[in-house]
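Visitor: My questions all concern the structure below.
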């Protein structure tokens, strides 16, 4: 079978009528958030941006500022580091939503000693029935070396399981590498 190198999948194409959930996954600084923002802003405004980050240092302050500066007018930002499922469940019907990101939310819940299985199941249930075009960003943290401490291994494993669960529910999954989307599903 010949491989065609001149044809790329259109990862910016609109979702089919029944396609409501897109998962964008990739490594740090792979272009996940920027591409997700492009996909969302191709849809009619208003758009909802659910930010899960919490800032505890200057570097995270800079990251949050970069994300805010990149977003155009038309975005409503909801900062929700903990009750992601509850926040999603309350959103208006039909509004494009960007969740950025699942792994920061997972970190917040782990640091709060939450029941991860219960909370991930609640989130999975809400994401399984989106009430509009929803775009969810997550980090792929399992491609590197095995972490040398138990907490980091627990996080890597929990993130991998959560990403698998959400990918199974998603209508489309894009893997971001060097700013380029590859359609996985």
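In case you wondered, yes, glycine gets a Cβ from its N, Cα and C as well.
So TrEMBL has the following annotated:
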ACT_SITE  67  active site, GMP-histidine intermediate
BINDING   26-33, 51-53, 68-71, 79, 100  GTP binding site
Visitor: Starting from the Cβ of residue 52 (GTP binding site), draw a 10 Å sphere and report how many other Cβ atoms land inside it.
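Guide: A count of 23.
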Visitor: Here are some binding-site residues: 29, 32. Which one has the most Cβ atoms within 10 Å of its Cβ?
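Guide: The most densely surrounded of these binding-site residues is 32.
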Visitor: What is the number of other Cβ atoms found within 10 Å of the Cβ of residue 79 (GTP binding site)?
Guide: 12
Visitor: Give the helix, strand or coil assignment DSSP yields for residue 69 (GTP binding site).
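Guide: Residue 69 (GTP binding site) sits in a helix per DSSP.
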Visitor: What does DSSP say about residue 32 (GTP binding site): helix, strand or coil?
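Guide: DSSP call for residue 32 (GTP binding site): helix.
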Visitor: By a simple count, how many Cβ atoms lie within 10 Å of the Cβ of residue 69 (GTP binding site), its own Cβ left out?
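Guide: So the number of other Cβ atoms within 10 Å of residue 69 (GTP binding site) is 7.
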